[in-house]
Amino acid sequence: MSDLVNKKFPAGDYKFQYIAISQSDADSESCKMPQTVEWSKLISENKKVIITGAPAAFSPTCTVSHIPGYINYLDELVKEKEVDQVIVVTVDNPFANQAWAKSLGVKDTTHIKFASDPGCAFTKSIGFELAVGDGVYWSGRWAMVVENGIVTYAAKETNPGTDVTVSSVESVLAHL
């Protein structure tokens with residue numbers, strides 16, 4: 001577990017971008033313009049938020065083992081666990097994230113958003129980045145639960161290339 005637990009969510013001045021998907025355009029190849037959201041606003045407007053970081057859209061572990069769990073359990077998270085938002089964070093651009101979300105079967109972003117963290121700024125601020133080259137950073141594989149503005153769970157995988165343990169939806173469910 002991280003030293004972020006039991007502390008106020010570290011929103012700072014960080015923002016993310018995502019592209020909304022609705023039932024009417026879920027099967028279309030059209031693309032909308034990205035929306036920019038301040039982390040502080042998202043956290044203040046929602047009582048319970050799950051945030052999970054993934055190294056790369058369309059990568060094998062992210063696409064097969066990590067993110068599908070959140071999509072498969074979304075109804076349970078929202079209806080039974082009263083989660084307001086699930087945010088999937090990568091450093092990929094919002095267009096790639098939207099295409100990835102659609103490829104995973106997301107048809108509505110009311111409760112799940114695929115967020116772009118430009119320059120890995122937010123992820124680096126919480127210490128969950130993954131150095132992949134000379135000054136190049138991706139998001140590590142991690143998960144966080146924020147309830148009423150307080151971090152109640154935060155953990156990062158030690159081997160983000162293959163492991164999906166502390167960042168899995170099952171691990172998050174155990175901490176709700």
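Any Cβ shown, glycine's included, is placed from N, Cα and C.
Taken from Swiss-Prot, the feature N-acetylserine applies to Ser2, supported by experimental evidence. Long-range C-beta contacts of Ser2 (N-acetylserine), restricted to its own chain and to partners at least six residues apart, with a cutoff below 8 Å, comprise Ile126, Gly127, Met144, Val151, Ala154, Ala155, Lys156.
Annotation source Swiss-Prot lists domain 'Thioredoxin' at 9-176.
When secondary structure is read from DSSP and collapsed to three states, Ser28 (phosphoserine) falls in the coil class. Using a 10 Å radius centred on the Cβ of Ser28 (phosphoserine) and all shown protein chains, the other Cβ atoms total 9. The phosphoserine annotation in Swiss-Prot covers Ser28 (among others) and rests on a large-scale study or a structure entry.
The C-beta environment of Lys48 (ubiquitin cross-link), restricted to residues of the same chain at least 6 apart in sequence and closer than 8 Å, consists of Lys81, Glu82, Val83, Asp84, Val145, Val146, Glu147, Asn148, Leu176. Taken from Swiss-Prot, the feature ubiquitin cross-link applies to Lys48 (among others), supported by a large-scale study or a structure entry.
Cβ neighbours of Ser59 (phosphoserine) (same chain, under 8 Å, six or more residues apart in sequence): none. Swiss-Prot lists Ser59 (among others) with the feature phosphoserine, giving a large-scale study or a structure entry as the kind of evidence.
What Swiss-Prot records for Cys62 (among others) is cysteine persulfide, and it gives experimental evidence as the kind of evidence. Note: Cys62 (cysteine persulfide) has non-local neighbours Ala54, Pro55, Ala56, Thr90, Arg141, i.e. same-chain residues 6+ apart with C-beta under 8 A of its own C-beta.
The active site, cysteine sulfenic acid (-SOH) intermediate feature in Swiss-Prot is assigned to Cys62; the stated evidence is a curator's inference.
In the three-state DSSP scheme, Lys81 (ubiquitin cross-link) falls into the coil class. Taken from Swiss-Prot, the feature ubiquitin cross-link covers Lys81 (among others), and the record attributes it to experimental evidence.
Proximity of Lys113 (ubiquitin cross-link) to non-local residues of its own chain (separation of 6 or more, Cβ distance below 8 Å) is seen for Tyr18, Val37, Gln85, Val86, Ile87, Val88, given in sequence order. Classification of Lys113 (ubiquitin cross-link) by DSSP places it within a strand. Residues annotated as ubiquitin cross-link in Swiss-Prot: Lys113 (among others).
Here Swiss-Prot flags Ser116 (among others) as phosphoserine. Its Cβ taken as reference, Ser116 (phosphoserine) is surrounded by 23 other Cβ atoms within 10 Å in the chains shown.
Per Swiss-Prot, the feature cysteine persulfide maps to Cys120 (among others). In the shown protein chains, 22 other C-beta atoms lie within 10 A of the C-beta of Cys120 (cysteine persulfide). Secondary structure at Cys120 (cysteine persulfide), as computed by DSSP, is helix.
DSSP classifies Lys156 (SUMO cross-link) as strand under the three-state reduction. The feature SUMO cross-link is assigned by Swiss-Prot to Lys156.
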| said: Taking the Cβ of each of the recorded sites and counting other Cβ atoms inside 10 Å, which one has the highest number: Lys81, Lys156? | reply: Lys156
| request: For Lys48 (ubiquitin cross-link), just give me the three-state DSSP call. | output: strand
